[in-house]
Amino acid sequence: MILLLIIAIIIGNKAFFALAFFLNIMSLYEYINVIDDNGKNLDLSKIIYILSGTLLLIFSFVNFNLVIPSIPIMIILISMINILDKKFDADTTIYSIFGLIYISLILSFMVLMLSKMNNAEGLALIIFAEVITIATDSAAYLFGIKFGKHKLCPKISPKKSIEGSIAGLVFGILSGIILHFIFINYNIIDISLIDCIIMATINSILSQFGDLTASMVKRKFDVKDYGWIIPGHGGVLDRIDGTLFSLAGTFFYVYIVLNMFTF
């Protein structure tokens with residue numbers, strides 16, 4: 001994910017829109033393959049599912065006011081498809097609807113921030129969410145291995161520890177402080193230190209919940225990874241599960257608390 005972000009920064013804002021669509025399509029494809037017992041066969045129901053999520057991103061780019069009204073329509077459409085497709089059950093229908101909200105709706109927030117704010121500010125906020133997620137995930141993993149004694153959520157993710165989670169939060173906040181001074185020094189975006197600390201705290205906590213949410217779905221359907229595109233690291237969704245929740249936290253804080261854009 002960070003490599004894709006660097007490439008997108010070099011190319012520019014349009015590359016971020018392309019990145020959002022790539023992440024959306026790949027993540028939805030991986031997700032629906034996990035909850036569908038038909039494996040990796042790309043049948044009509046999967047195509048409609050992926051197109052539904054992609055439409056959310058298109059609406060967010062054209063007119064975000066179209067996004068919210070379109071969600072019930074897509075939920076009805078997906079429910080009808082899942083009912084007609086006899087291999088699906090009620091649980092699968094619910095999880096497939098959740099996937100649209102979890103992946104496509106949150107990525108539409110990313111698209112909206114890019115389209116409503118100036119280039120530097122929009123990119124800075126997305127980078128902020130990703131850096132906090134990486135710092136949190138890395139610290140939680142390393143400190144969890146070294147000092148982890150108390151399980152965080154053993155039924156969902158047995159390897160995660162409370163000690164690692166706390167370390168992840170601390171390093172996530174420290175990363176937010178560092179990013180604040182980088183933003184101010186290079187005149188990228190005007191966000192106070194207090195707001196950066198609050199955002200980093202929210203993002204760090206949400207990124208851990210995002211990771212656990214993705215793990216919960218994988219455990220429900222008895223799979224280790226969502227995909228295989230990144231050797232040794234799983235699929236695209238395995239890489240951005242925490243970032244998605246972090247992006248949502250950034251979006252709502254910037255929109256509701258800081259009032260940095262309207263739609």
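Every residue, even glycine, has its Cβ placed from backbone N, Cα and C.
Just so you know, TrEMBL annotations are computer predictions that nobody has curated.
The transmembrane segment annotation in TrEMBL covers 6-32 (among others).
Sequence annotations record features per position, and here TrEMBL assigns transmembrane segment to 44-61 (among others).
Here TrEMBL flags 96-117 (among others) as transmembrane segment. For the transmembrane segment (96-117), the residues of the chain that approach it from at least six positions outside its boundaries are 13, 16-17, 20, 23-24, 27-28, 31-32, 35, 49, 52-54, 56-57, 59-61, 64, 67, 71, 74-75, 78-79, 82, 88, 123, 125-126, 213, 237, 244-245, 247-248, 250-251, 254, 260-263, judged by C-beta separation under 8 angstroms.
The transmembrane segment annotation in TrEMBL covers 123-145 (among others). Residues 1-2, 5, 9, 13, 16, 110, 113-114, 117, 159-161, 163-165, 167-172, 174-176, 179, 183, 188-189, 196, 199-200, 203-204, 207-208, 211, 242-243, 246-247, 249-250, 254 of the same chain lie 6+ residues outside the transmembrane segment (123-145) yet bring a C-beta within less than 8 angstroms of a C-beta in it.
As annotated by TrEMBL, transmembrane segment applies to 166-185 (among others). Within the chain carrying the transmembrane segment (166-185), a Cβ under 8 angstroms from the stretch's Cβ atoms is held by residues 124, 127-128, 131-133, 135-140, 142-144, 147, 191-193, 196-197, 199-201, 203-205, 207-208, all 6 or more beyond its ends.
TrEMBL lists 191-210 (among others) with the feature transmembrane segment.
As annotated by TrEMBL, transmembrane segment applies to 244-262 (among others).
Only residues 6 or more beyond the boundaries of the transmembrane segment (44-61), in the same chain, are considered here, and those with a CB under 8 A from a CB of the stretch are 17, 20-21, 24-25, 28-29, 32-33, 36, 67, 70-71, 74, 77-78, 81-82, 85, 96, 99-100, 103-105, 107-109, 111-112, 115. Within the chain, the transmembrane segment (191-210) has long-range Cβ neighbours (under 8 A, six or more residues past its boundaries) at 128-129, 132-133, 135-137, 140, 165, 168-169, 172-173, 175-177, 179-180, 183, 241-246, 248-250, 253-254, 257-258.
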